[in-house]
Amino acid sequence: MTEKHHSNNHMKVSFNGEERKLEEKKDQSKVAAVDKDKMLNWRDTFPKTADKQSIHDVEEDDMQHAAGHDPIYFPKGKKKKKKKKKRTVASKNNRESSPQLIIILKNIWIPLLSAVIVGLGLGFTILLLFSGDDKAQTTSKIQANSAVKSENTTSKPSEEAAKNLELDLNVIQAGAFSKQDQAKELANKLEDKGLASLTTKNDNFYVFAGLASDADQVDGLKEYFKNQGIDVYAKTWDIQSTKSWAKEAPLNQFFYQGKELLGKLLTLNNKVMVSGDHPKNSRLKDINKIKVGWDMIDDNKMSGLSKKERAKVRDFHSTLSDATMAANKLENKATKEKVSALEQNLMDAVKLYKDLVGGKE
């Protein structure tokens, strides 16, 4: 039989886009090598640089070729390179610097802080030991200052209250004499004419025919007395507060209300004398309102006054009370007698006020 020689020229191997023929080698050494290995050494055939995926592709091509299929090529995907995280130099520096920081803390800061703490402790101890005398002196100074302040605060209201007791008047003077008999003669003459009068002494004896709390009323009063046949002239009369007990709160309030009532009554009387008409109801209401709130001061609140002074205080209150009643009598008709009675009460009240608050003549 003729031996059929099969040619292996038709066998091809495709790898990485290259086709290779497997030729029959009759080299005995190579055949022996093949027989010895019993298998085709693919590693010698293909370069070592091929990766596992390429070998797998070749095996798949052989299987497809044996099955009568053309080899199928799949595009290779590019492998994504993993980004390497950069290590910061700071961490290395921190590792290197941390021992140095510990050394600095141990050698410098800890001794320094210890010295500060010890120094503060000693300082506070010394301060507590030697501050006792200073505290005592400071306390005494504070007490002294508070005492001075309390004296100032208590004296200020008294000074203001004393200032409020000053009474500024405009007087209608009928005459001035060196002898008291002459002054008394003129006062009797005024009384005969149905007019009020007040005699005071200050170097000479002065006879007043009228009083005005406002300078605007002076001209009208001068005209009134001129019509009565009395020659008069006007001047000011200021009553200062000189008594120390008048600065005390209870007495000061009593005299201040009395002075306010006196001023209202003087204004009403002057207007009635000049106009000849009865007073307005509104003025009388104001006067009565002040009078109702002005009570006589208790005796236990006048401990600093003498018996004579206490009697004058009661007279001052009763005289202004009579003047208030006389003012209310003018409501219906203001006669000359009624006006003169009111004027006389007011003059007597002013004299008592001067004796009590401003001292004797």
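Cβ coordinates are placed from backbone N, Cα and C, and glycine is handled just like the others.
Taken from TrEMBL as is:
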COILED    325-352  coiled coil
COMPBIAS  76-89  compositional bias 'Basic residues'
DOMAIN    172-233  domain 'SPOR'
REGION    1-30  region 'Disordered'
REGION    50-93  region 'Disordered'
TRANSMEM  108-130  transmembrane segment
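Only residues 6 or more beyond the boundaries of the coiled coil (325-352), in the same chain, are considered here, and those with a CB under 8 A from a CB of the stretch are 167, 169, 194-198, 200, 208, 210-211, 239, 258, 262, 265-266, 268-269, 272-273, 276-279, 281, 284, 287-288, 312, 315-316, 319.
Counting residues per DSSP class in helix, strand and coil order gives 26 helix, 21 strand, 15 coil for the domain 'SPOR' (172-233).
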